[in-house]
Amino acid sequence: MSIVPSETTVGAFGEQRKINQLDPGPPRRRKTKLGCKCALYAVLLLLSLGFGWIAYRALDDRLKSYRDPYSFLYQDLKEAYRPQDVVRPLVDSNQTFDVVATVWLRSPKKDAPNNEYEVDWYHNDLHWMKSRRDLKLEETAIFSDTVFKGLRLQDKSKKTSVDFQVPTQIFSKQRDLNNYDLRASFVLIPSAPSPLDHASSFSTWIPLNAEYPPMRSWTDDKTRPLLADNIVDSYGVFAPLLSFHDIQSKCPDSSTNTDDVDEEETDAHEDEDDVVLPWGVAENRKKWISTKGKPVLSSHPYIITRSFLRVVDMTKIFNKQAFDAEHSKLKLYSCGRLGTVNGYRAEASWKDCLRSYQIIGNHAVKIRLTRTSAKTGKELTEWAYAPHLSLAESAWGSQDLVPIPVNRETCSARDIDTPEAADNGFVNITWNIAFSGTSQFGLSFGDAASQVTPPHNTTEAEHVQLSQHMTTEYSQGLAGHHFRDNFHPRREIGLIVIEIICFLIAGSFDILYWYTRSSTAGISVTGISMLAGSYILGSLVKIAHMQLQSGAFSFSVPDLIIMLYSFVLASLMLKAVTRAEIHWWKRLLPIVVLAPATHSERASQRVDSRTPLRFIMTAYLVLSSFLYLVNRQDYYVIGRQYTIGEPFKSSASRFFYNLPLYSLHSATILGWILQLTLNHRMKTFAGMYKMTACIKLAALLSTLAARSPWIVGESTMSVGWTYYDLFTLLCYLGFAFQAFSYSSVASLDEDEDTK
């Protein structure tokens, strides 16, 4: 008869066991401490909320200046006013209008002289100031037509395409080129009847000596423009249709190209004048680009075939006194006249006319209207302001650039007899034009979106140019400029943002879950080990692929974050399933100690071991074979439209790229399945927080929606939805169901908690 008392009890998972009351069992496992810093975290959270509120108010005040920069001009409608005391919109919400587009080409009969305006704004301001006689452009209208009819200010995403021919003679190698040598102008013409029918005079912000380029062509065989025509042209807008980029050499032997950069002496003129530029003018001058002094292969002319015209939906009534003050101030200093040359006021130039809404608003043109009173028969004077038109900068992608078929190189003498590329004298262009009414904030946001457009490298590989083009399409889509009717970039970006936010939140919860996990009760040790191994090996394979592909360890910021997260999460998983603890030997040397399993953990392991190793290996081989087959045959649940990355440089690079697609992905799926199986057998939920399962399911559904053509349209950057994505979604559907059906397993073993 034993002298040690014992009794039979029921374990945490329903199994019967004998407990020796004098046996203390495994030593108490150290608990991960988080609560000791709760007070500090609470204080930091309150401080963060306070600073966040202050930042929000500051940002809100800043945004108000973009949402409504001229609210001080508005008339107080609660006070009585006379019609002559306010300024009304020339085009209100009910007024329809047409849009006329004109394409202008510089006349080749007059080549640019040596002192033509140059893009180097620091060294060549002095030359530009001396080229007053060159401000007036000698141009010919090669296309003019009404491109939109019956529009209103509220209309969005209107599109049209027009065809025209561009003569190529002016682009020969005998002259320097400017990006405004080919330009497009737009005017908005109110449909009759309109307030424009009663116009008697107008005042514009552009001085006469600025030599502002014309908006429409008035040839000799037509009637001279009327007052209404001059008013319409005064608020028109134009933009260059030329862009300069790299091109492949057309010489039979590119090494025989004898073109040299034209290095002219400019130092002799640098100190002649003292030029002070007004705010914004120096930046604005960078828009006017020249090929002067640049190699012909890096500055070949390309025609821009996409334009985005915007009009601000402004119908507020302005106070005339405030409007007159702003209009007079704008007229006094517009088009660079705030600058000085040798202490004297600079002359106006159309190249220095800043058209930003923050600068000219809707007070650039003031129109006087004269009506006859139906009661008294006397003339009544009223006032109107013109609409604000704007052309988006960088609204085109790499695929919207058409190289002009001319050879501007000078090949060596031995290649003179070699025929050059055929030049038919004309190039056919299909010009895509989009129109949209927008708010003041939408206009500012669109201008900001144009700044993130990547540079266009026209000699890069096709997949790189496609990526550059799609980046532009996404940024322009955010600004309301849709390149295609069958694609919705805003919708896709919104879904991707939801996906990223959900994955970030779920990833943080995963780190917290495994960091605080002190027991393997309810955890499939085999499944979690497979997950951790696949995460670590996936990062290592990624590093090997990049080394073989590019010869360097160059990773994007998202790739680095994902790899770091994978290593940290996998390490925490392995620490939890091995019950590893770090002890310090004599406070000098760290020692890893594997804690013995508790009764509950041993019971959990027995349930987990019901799945035989042979079955696990067979399932892994089946999954790997299936994923290898669908990857080999390029099968997708939702087909892809884009191949990521450059072509493989070696078979080893291809191998390491494809390895995770069937070997590591199958291990990940099998790890989830084993955890699902253990949850089902024990009727408990473990492996993640319940909230994590729901958040990841939302992220995966957002991924599916973002890659579904029936939701976002035909994206040319879609990477498709793979069978691995399908299996992942099914697994997390199972986790979400179990999260609502089963109770969670505590992070600390109950056996430990009672000690």
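Each residue, glycine too, has its Cβ placed from N, Cα and C.
Note that TrEMBL annotation is computational and uncurated.
Note that the coordinates shown come from a computational prediction; the quantities given were computed from them, not determined experimentally.
According to TrEMBL, the protein has these features:
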type	residues	note
TRANSMEM	38-56	transmembrane segment
REGION	251-272	region 'Disordered'
COMPBIAS	259-272	compositional bias 'Acidic residues'
TRANSMEM	493-515	transmembrane segment
TRANSMEM	527-548	transmembrane segment
TRANSMEM	560-578	transmembrane segment
TRANSMEM	612-630	transmembrane segment
TRANSMEM	655-674	transmembrane segment
TRANSMEM	686-706	transmembrane segment
TRANSMEM	726-748	transmembrane segment
Legend entry - Close approaches to the transmembrane segment (612-630) from elsewhere in its chain (Cβ under 8 angstroms; 6 or more beyond its ends): 526, 636, 661-663, 665-667, 669-670, 673-674, 722-724
Legend entry - Interface-richest range of 493-515, 527-548, 560-578, 726-748 toward the transmembrane segment (686-706), CB pairs under 8 Å: 493-515
Legend entry - Top Cβ-contact partner of the transmembrane segment (655-674) among 493-515, 527-548, 560-578, 726-748 (pairs under 8 Å): 527-548
